[in-house]
There are 2 protein chains.
Amino acid sequence: MEDPHAFDRDPANGEASDIYGEDGAIRSSFLHTIGEILETEDADRLKEEIADLHQSEVGDLLEALQPDQRGHLVRLSGADFDFTALTEVDDTIRAEIVESLPNEQIAQAVQELDSDDAVYILEDLNAEDQEEILAQLPFPERIRLRRSLDYPEETAGRRMQTEFVAVPAFWSVGQTIDYLRDDQNLPERFSQIFVVDPTFKLVGAVDLDQVLRSKRGVRIEEVMHEMRHALPATMDQEEAAREFEQYDLLSAAVVDENERLVGVLTIDDVVDVIQQEAEEDLLRMGGVGDEELSDSVRVTSRLRVPWLLVNLVTAFVAASVISLFEATIEQIVALAVLMPIVAGMGGNAGSQTMTVTVRALATRDLDIYNAGRIIRREMGVGIINGVLFAVLIGAVAGFWFEDTDIGGVIAAAMIINMFAAALAGILIPLLLDRVGADPAVSSSVFVTAVTDIVGFFSFLGIATWWFALS
Amino acid sequence: MEDPHAFDRDPANGEASDIYGEDGAIRSSFLHTIGEILETEDADRLKEEIADLHQSEVGDLLEALQPDQRGHLVRLSGADFDFTALTEVDDTIRAEIVESLPNEQIAQAVQELDSDDAVYILEDLNAEDQEEILAQLPFPERIRLRRSLDYPEETAGRRMQTEFVAVPAFWSVGQTIDYLRDDQNLPERFSQIFVVDPTFKLVGAVDLDQVLRSKRGVRIEEVMHEMRHALPATMDQEEAAREFEQYDLLSAAVVDENERLVGVLTIDDVVDVIQQEAEEDLLRMGGVGDEELSDSVRVTSRLRVPWLLVNLVTAFVAASVISLFEATIEQIVALAVLMPIVAGMGGNAGSQTMTVTVRALATRDLDIYNAGRIIRREMGVGIINGVLFAVLIGAVAGFWFEDTDIGGVIAAAMIINMFAAALAGILIPLLLDRVGADPAVSSSVFVTAVTDIVGFFSFLGIATWWFALS
């Protein structure tokens with residue numbers, strides 16, 4: 001757990017740090033100062049400037065600097081640099097900085113860190129560098145970090161902190177307080193005390209406020225509570241985050257396969273996971289995967305191609321639907337002018353429904369109990385908005401081309417496509433979710449395919465049929 | 001703050017509650033049981049079934065029940081019902097339930113709640129009911145709740161808890177512990193102790209682990225730290241959430257305009273704000289505003305119309321671009337078949353860039369220092385992917401219509417439109433953000449308008465020029 005209540009450099013003002021300008025970005029004057037310091041290699045002045053910054057502010061500073069200045073700053077700071085700041089920057093930037101540093105400096109720095117932060121930095125390195133750094137650490141720390149690194153990526157075991165306070169159930173509150181006053185090896189911060197049996201099996205936990213409220217003679221087992229939310233170390237971090245959200249946890253014990261306490265997961269790490277998860281959904285729905293702002297042109301371009309390719313296939317399918325009606329279009333060119341309106345409006349309505357559905361699936365608000373009601377609601381919305389926009393578009397189109405028949409045809413096609421959009425917008429994500437695919441990734445391609453195909457087919461089809469009749 | 005480390009009903013298993021099935025939804029057998037209990041009005045059995053559930057589980061249960069069963073359950077539970085559960089359900093459902101309850105029951109229940117939860121429930125009521133309920137509360141609670149309710153919606157003052165522990169700086173650690181042991185009016189949970197002067201001005205805070213580590217004789221002022229992150233009560237809740245994220249806070253003092261301590265904001269409330277904010281961005285980008293899953297057909301339909309209307313206008317503008325080239329289409333109908341591909345692929349590429357930009361703006365990762373680099377990167381990606389898909393689409397189109405000229409025309413149009421998409425995808429959100437509009441809401445309309453118009457104009461324009469020449 002990182003410092004939860006940061007210190008103030010200037011007790012008088014109580015304001016946030018003044019390295020940020022009005023717009024929330026780091027002031028250019030400050031960047032300029034740091035640039036000068038780096039050029040003159042003035043380690044003392046550098047120390048002076050960044051010593052009082054919070055780790056996340058140092059992180060922001062690193063991101064705002066030029067790529068070659070970043071490693072330079074860390075090297076010039078030497079032993080004074082708090083590596084926690086590296087946990088606050090983009091993955092790509094962190095990897096760049098860490099790779100530019102000598103393994104000795106990393107090994108030295110990692111010893112000062114909480115284990116969760118140390119793992120965060122070590123896991124990006126290749127196996128060889130990792131081994132070299134671990135070999136330079138004292139035995140107990142090496143063992144602890146290796147244990148965390150042995151758990152799969154993105155699990156509770158990877159994100160946990162292995163520093164915690166644990167006492168036996170038969171201790172008294174007084175004994176516990178005396179132990180806390182004397183022990184030099186306590187974690188920097190902690191918000192609960194775990195209770196374990198002699199084999200280190202977890203039996204419960206006590207919150208600190210509970211200890212402070214109780215008389216010295218009270219036994220720990222009288223004030224402790226059972227741990228309902230102990231997390232298996234192999235639990236996926238998103239699952240763990242959901243436990244935190246559902247039960248408003250501040251921290252949770254992490255246990256191994258024998259129910260033995262191995263670490264603690266804290267809310268500040270979970271907040272990052274929650275953020276990440278929400279971000280992933282948004283980016284996936286926009287057709288971009290796990291790209292980062294610091295990625296290069298080449299990487300970004302390659303990451304975006306697959307989605308464009310899939311869309312290309314559906315675009316050609318939609319085009320082939322249009323080509324069925326070439327003869328009709330040749331006779332009435334107005335149809336070519338108006339057909340993108342039918343397809344586009346359907347696409348927009350479909351993406352509205354789809355967005356709501358994907359989000360509700362992600363938050364688990366949509367389940368078998370309300371799915372029927374939501375499907376009926378979306379169909380209702382599809383019909384109402386379909387009729388509304390049919391009338392509107394029909395009137396404008398009829399007026400534009402001075403042809404009430406065209407107005408009628410486009411109105412009929414609009415109703416059909418808005419209804420298809422509603423159905424596709426809800427059923428496609430539900431179906432993808434049911435078969436185990438991620439609805440955030442793939443829904444939009446299919447929904448657009450449906451609204452394009454139905455849009456073109458209904459509009460051009462009705463027109464062909466109608467004008468052939470009259 | 002709510003119970004941060006929940007108790008277990010069944011110490012032996014340590015598993016999450018078994019009211020949920022495999023799919024994460026509440027078991028239908030459990031819903032059935034509750035339904036039966038409600039029909040037979042069996043208050044004792046109801047108490048037995050839900051007494052051990054966590055408040056969020058009761059919340060999930062309420063959401064899964066039929067609308068008329070919800071208020072019924074709360075009324076049947078009577079004084080046993082923990083109103084905290086109501087803070088866990090959808091706004092619309094909460095309002096429905098609360099409106100169906102007698103004001104006396106609400107007044108009774110609200111006294112049991114932490115002030116932040118009480119405010120959560122009261123703020124939904126109309127002014128009249130609010131006054132009636134407040135009038136039934138004891139004086140100190142009435143004053144406290146009214147103070148919270150007087151702050152504007154969605155501010156730190158609205159979300160804060162007014163129960164906290166504050167001591168003077170000259171107290172010793174021993175005195176503080178004795179006070180905590182004796183005082184009956186402590187908040188249910190707390191994780192830090194605030195330090196105030198005689199006028200209740202905030203001078204600092206001590207974390208509980210700091211108190212526990214220190215000898216009894218140590219003075220509070222020696223172990224306290226200055227409060228760097230005291231939040232003004234009128235601060236927007238999103239601003240407050242950003243402070244929590246940036247500085248990894250667990251709780252923060254809320255102060256009034258005279259720097260006097262009025263409450264504490266805790267991370268569990270902030271997690272909800274973070275979630276909400278991420279959700280809002282996602283929904284806005286999908287063209288849906290603040291709608292909820294529990295909204296009716298009528299409400300949903302009305303909420304979605306404005307966005308569809310704006311899109312309709314741009315769709316007609318795009319159609320009018322097509323109509324400029326009616327003569328060309330009449331001669332070469334293949335153009336009508338292919339033109340949606342150019343517009344659609346541009347739209348997809350534009351929405352990829354736009355998604356990344358909107359997200360980076362929301363997380364403040366995009367600022368004046370890297371904007372130039374990101375714009376250049378997106379232009380690079382636009383050119384590379386533009387050329388790539390130009391070749392691909394040009395080849396397929398040329399082969400399809402057995403006409404290399406058409407292949408060449410569509411390839412040229414693709415390069416132009418993919419580049420326009422990249423520019424629009426990054427510049428439009430940046431511009432909207434600069435003029436103070438929410439880029440999540442309005443970017444997608446403008447980006448699609450650009451890619452449609454540029455797509456149709458470039459493709460049909462180049463075709464007209466080329467085929468007129470040859």
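Glycine residues also receive a Cβ, built from the backbone N, Cα and C atoms like all the rest.
Unlike curated records, TrEMBL annotations are generated automatically.
Taken from TrEMBL, the feature compositional bias 'Basic and acidic residues' covers B:1-12.
Annotation source TrEMBL lists region 'Disordered' at B:1-20.
Each residue in the domain 'CBS' (B:224-280) gets a DSSP state, and the totals come to 25 helix, 16 strand, 16 coil. The domain 'CBS' annotation in TrEMBL covers B:224-280.
Annotation comment: TrEMBL describes B:305-325 (among others) as transmembrane segment.
The transmembrane segment annotation in TrEMBL covers B:331-349 (among others). Tertiary neighbourhood of the transmembrane segment (B:331-349): same-chain residues 318, 322, 325, 382, 385-386, 389, 393, 397, 401, 403, 406, 410, 413-414, 417-418, 420-422, 425, 447-448, 451-452, 454-456, 458-460, 463, 467, selected by CB-CB distance under 8 Å and a gap of 6+ residues from either end.
The transmembrane segment annotation in TrEMBL covers B:379-400 (among others).
The transmembrane segment annotation in TrEMBL covers B:406-432 (among others).
Annotated transmembrane segment per TrEMBL: B:444-468 (among others), in sequence order.
Remote same-chain residues near the transmembrane segment (B:379-400) are listed as 338, 341-342, 345, 349, 353, 406-408, 410-412, 414-423 (criterion: CB distance under 8 Å, separation of at least six residues from the stretch ends). Long-range contacts of the transmembrane segment (B:305-325) within the same chain: residues 287-289, 335, 339, 343, 445-446, 448-449, 452-453, 456-457, 460-461, 463-464, each at least 6 residues beyond the stretch ends and with a Cβ under 8 Å from a Cβ of the stretch.
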